[in-house]
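Quick look at what TrEMBL annotates:
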| type | residues | note |
| --- | --- | --- |
| TRANSMEM | A:30-58 | transmembrane segment |
| DOMAIN | A:89-291 | domain 'ABC transmembrane type-1' |
| TRANSMEM | A:93-113 | transmembrane segment |
| TRANSMEM | A:125-145 | transmembrane segment |
| TRANSMEM | A:169-194 | transmembrane segment |
| TRANSMEM | A:215-236 | transmembrane segment |
| TRANSMEM | A:270-290 | transmembrane segment |
Amino acid sequence: MTSASVESRPHRSAARAGSAFLTTHPRTRLALLLAAPLFWLVVVYIVALALLLVTAFWSVDSFTGEITTEFTLDNIITVVTGSLYQTVTVRTVGVALAVTIIDVLLALPIAYFMAKVASPRMQRVLVILVLTPLWASYLVKAYAWRSVLSQDGILEWLLAPFGGHTPGYGLPATIITLSYLWLPYVILPIYAGLERVPDSLLEASGDLGGKSWSTLRLVVFPLILPAIIAGTIFSFSLSLGDYITVNIVGGANQMLGNLVYTNVGAANNLPLASAIALIPIVIIFGYLFLVRRTGALDNL
Amino acid sequence: MTDSQPAIRLTGLTKEFGAVTAVDHVDLEIAAGEFFSMLGPSGSGKTTVLRLIAGFEQPTGGTIELFGEDVTKRAPFDRDVNTVFQDYALFPHMSVLDNVAYGLRVRGIGKKERTERARRALASVRLEQMGDRKPSQLSGGQRQRVALARATVVEPKVLLLDEPLGALDLKLREQMQVELKQIQRDLGITFIFVTHDQEEALTLSDRVAVFNDGRIEQLGTPAELYERPGSRFVAGFVGTSNLFDDERSRALLGRSGEHSVRPEKLVVTAEPETGDGVRSAPGTVVEVIYLGSGIRTVIDLDAGARVTVLAQNDRRGLAAGDRGDRVHVSWHDADVVSLAPAASSSEADAAASVA
């Protein structure tokens, strides 16, 4: 009876045979599943990164402009010892740190309200509101801030009656704009971290005599620290690599990304650009190494 | 002075969540040193009453007094009551010892003293060796005992327990019941115990309040609740009962109104039994269930009621019938309990005393 029904439906039996083959050959199954993403990861991602690393140890012939594929440490030495690169590195790290601190300070109360105070309905609305800015183009948002921060912009108009002034274009403007751009990436992991803290833990703390501040300091903060660090990894690394915002609202200031950009484009010195690009990569790896023990990497 | 006051006095306590009335004008007094249980199905309001006493929820109406002091408006950290949570709510990032010492720490007690007291509390629940572990490294029963030590180390006047044994398996639960009772006797403080397990409530408590629909359906000692249930709900929820409606009561028992008889008060015999106050009725066996310690027989009486009879597997051995056997079921008039309609427990009490 079974064989009759299989014969009457040949398509089904072919599909069945395929399924049966895959069921009994787990390695083939795995290969089919991972072939495309592995190709992407290895060829496009790791090879590109490796090339960057290798290129940093090459040089450019100053007459022909051709790349000489001979090993040299010149670019690395230039980048590490050159005062321009040192200044820009310190400035970039400073901006990234300031953005990260501002974002964490803003995200903590917002995420706490979303996770522990708001009603479930309100919670969903707030998650959507936090995500909404991510649907708009990065460039549009940066130019919007350029308009807000300009000398005759809305910020000047708001602050002037109180004797304040817009910071104008420069590093403060860069910090404000980047803080705005990366805030959702900091709110969401902290919100998720707070969601995972059961309400009963907060009640238990209060029940045992802990007032709000003790509860936050001794129970909530230690439990969401990995989530906070996960958020800072986003804001810190995104800020380190940014060069468009600083172009739009940063005035004459340059960040590491600008140096990479000019060396690839105008200066046509890809090896030096690669060496500069290694700076944020080294810093990020240093940061990841520092925070890996907190369990933050499980929260990304 | 405080001894003359009840540990807890609830007056007209009401809690509404939107359109739902979770607790409906509950009046209750719980004596100092009492082991008091709140028993009821889920959604009956028992846990809400506990959370109102703890201060996690604010009542819509009514007052809560703790040893004569009105604490209705006070925050949880300002009330001398502590809670053992259903999920234990141990702080996962702290060691067991730090968990137990937490209440002392937030009260500003020095490290040396709080460690000392936390160690003693852990010893009282036989976990002195576990202080350095994290809660995740403990078994369910051990976590339960840590939660108990953490709540009692701050010496509350009243301990609230929210289904604390619900997550444990049967053997462990029975063992913890004995321990809870001992701890309560040692500490001499009031325990308020929330459970949906009627057997647990009967085993542990001095008094039990049976909750239904946000109200107390009946309040009494375990024996009173079991022997003289005041309503159909209590008769069905506390233990099992054979219920007879008005018509069948007239036919079988010769009385009007609703009545109940416990399965173990019925006897199955081949011949009708007679005697002073003993009545019997013929019927057919429809199911025989072997329980080990006893045997449960389901019988359709010719008068139209289906009854369950529970016989002990005692010295006389089991007289197990077979399905389809013709038998007689007999009972003593004194074991028939008259029930009032649900939700009017005062009438039920009156009816019970008449019966």
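Glycine residues also receive a Cβ, built from the backbone N, Cα and C atoms like all the rest.
The highest tally of CB pairs under 8 A with the transmembrane segment (A:215-236), across A:30-58, A:93-113, A:125-145, A:169-194, A:270-290, is held by A:169-194. Residues 110, 113-114, 118, 173, 176-177, 180-181, 183-184, 187-188, 191, 244-245, 248-249 of the same chain lie 6 or more positions beyond the ends of the transmembrane segment (A:125-145) yet place their CB under 8 Å from a CB of it. Long-range contacts of the transmembrane segment (A:93-113) within the same chain, counting only residues at least 6 positions beyond its ends with a Cβ under 8 Å from a Cβ of the stretch, are 126, 130, 171, 174-175, 178-179, 182-183, 186-187, 190-191, 193-194, 220, 228, 231-232, 235-237, 239-240, 246, 255, 283.
Distant neighbours of the transmembrane segment (A:270-290): 52-53, 55-60, 67, 75-76, 78-79, 85, 89, 92-93, 233, 236-237, 240-241, 256, 259-261, 263-264, 297; these residues of the same chain sit at least 6 beyond its ends, with a Cβ under 8 Å from one of its Cβ atoms. Listed by sequence, the residues of this chain that lie at least six past the ends of the transmembrane segment (A:169-194) yet keep a Cβ under 8 A from its Cβ atoms are 91, 95, 98-100, 102-104, 106-108, 110-112, 114-116, 127, 130-131, 133-134, 138, 141-142, 145-146, 149-150, 220, 223-224, 226-228, 230-232, 234-235, 238-239, 242, 245-246, 248-251, 253, 255, 299-300.
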